[in-house]
Amino acid sequence: MAIGQHHELHRRRRSRNVGVALVLIGFVALIFALSVVKVQQGDLMEGFDHQTRTSVLPIEQPEPQPATEVEQ
Amino acid sequence: MATTQIDAPAPEAEFGDFVALLKPRVMSLVVFTAFVGLWVAPVPVHPVIAFCSVLFIALGGGASGALNMWYDADIDSVMRRTASRPIPAGLVKPGDALGLGLALSGVSVMMLGLAANWVAAGLLAFTIFFYAVVYTIWLKRSTPQNIVIGGAAGALPPMIGWACATGGISIESLLMFALIFFWTPPHFWALALFMKDDYRDAGVPMLTVTHGRTSTRRHIFAYTLVLAPFAIWLGFTSVGGPLYLAVALVLNALFIHGGWRILRRSDTTAAADGYAVEKRYFRLSLYYTFLHFLALLIQHGLGGW
């Protein structure tokens, strides 16, 4: 049997490969669509970005400024 | 002349065989009931999020189907109805089915949590665990009440759909659960009445095998009586309305009547006409859930009470 000849087995393998490819592409498209909608809706989503998470830091109250006397 | 016989290679699975592991026909019921649960909930959901939620619920259902086929391959190969499933047919290796089931369970639960909320994801995880471990591994082979308990897993999808929208559980979603939960036993026992030999050969303690067929007929009728109040009660909640109530009254009258006819028949009479009444009742039971949920959907479009 010459190499490259097609066999029933190749058809089955191709069907698996194409199937997995389509599933992965579909999954990527789905995550993208989901992300767009979530961002548009203003959902609270925060990725880890090697920085201090500002949303978990205590709210800093501005220091009360001493009243300055108005110079005469 | 001597001929050389080369062993044919083991048949190789194609994509469709892996799809078959996810039980697409069961999945269609899961998709429909989960969608109705999500859509009739009082909180509007963005269409993309609704689509993703239903998809991941279906995927979770498919995952539990694959785990079920992995564990039950020995039973499936004995029963005529299931002998052509991918594992008994030798197309998919049991380990591959287990891997697919576990991977899809993880993906579906995590993605549902991210797409909708973690209450819904928790319910989905519970559903998969319940169907794969509590029903398939533990109770299916040990008690004739297996169908009753397994029905809980099939009844959860509308509750998960509802939780996707509302983030919680309420009387409406519990009643949708009850509708499927109490419908499952008469549905499967009617099937068991006319598929009698299969379950015995496989050694599954079906009620028909352990308690006899007369007792099964009594059980079917009893469950139709228990089911009806829940189906009608749902009509008086916020998701109900005149149309749903009318549909529920008609369907439950038919279902109780069918159960009564099954109860009144002896097995000799049934065998004589090829289980005509049982088969008709089984078909009615398929319409029963479909039409109840369709009525909920239409009622939602029309507006409730």
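Each Cβ is built from the backbone N, Cα and C atoms, and glycine gets one as well.
Summarising the annotation, TrEMBL assigns transmembrane segment to B:26-42 (among others).
Per TrEMBL, the feature transmembrane segment maps to B:48-71 (among others).
Look at TrEMBL and you will find B:91-112 (among others) tagged as transmembrane segment.
As annotated by TrEMBL, transmembrane segment applies to B:118-139 (among others).
Summarising the annotation, TrEMBL assigns transmembrane segment to B:146-169 (among others).
The transmembrane segment feature in TrEMBL is assigned to B:175-194 (among others).
If you look up TrEMBL, you'll see B:220-237 (among others) marked as transmembrane segment.
If you look at the transmembrane segment (B:243-263), the same-chain residues 6 or more away from its ends with a CB under 8 A from one of its CBs are 186, 190, 193, 217-218, 220-221, 223-225, 227-228, 231-232, 234-236, 277-278, 280-281, 284-285, 287-288, 291-292, 295-296, 298-299, 302. Among the features that TrEMBL reports, transmembrane segment is placed at B:243-263 (among others).
For the transmembrane segment (B:284-302), the residues of the chain that approach it from at least six positions outside its boundaries are 29, 32-33, 36, 39-40, 158, 176, 179-180, 183, 186-187, 190, 231, 234, 239-241, 243-244, 247-248, 251, 254-255, 258, judged by C-beta separation under 8 angstroms. Per TrEMBL, the feature transmembrane segment maps to B:284-302 (among others).
Ranking B:48-71, B:91-112, B:118-139, B:146-169, B:220-237 by CB pairs under 8 A with the transmembrane segment (B:26-42) puts B:146-169 at the top. Taking every recorded stretch in B:91-112, B:118-139, B:146-169, B:220-237 and counting its Cβ pairs under 8 Å to the transmembrane segment (B:48-71), the highest total belongs to B:91-112. Against the transmembrane segment (B:146-169), stretch B:118-139 shows more Cβ pairs under 8 Å than any other of B:91-112, B:118-139, B:220-237.
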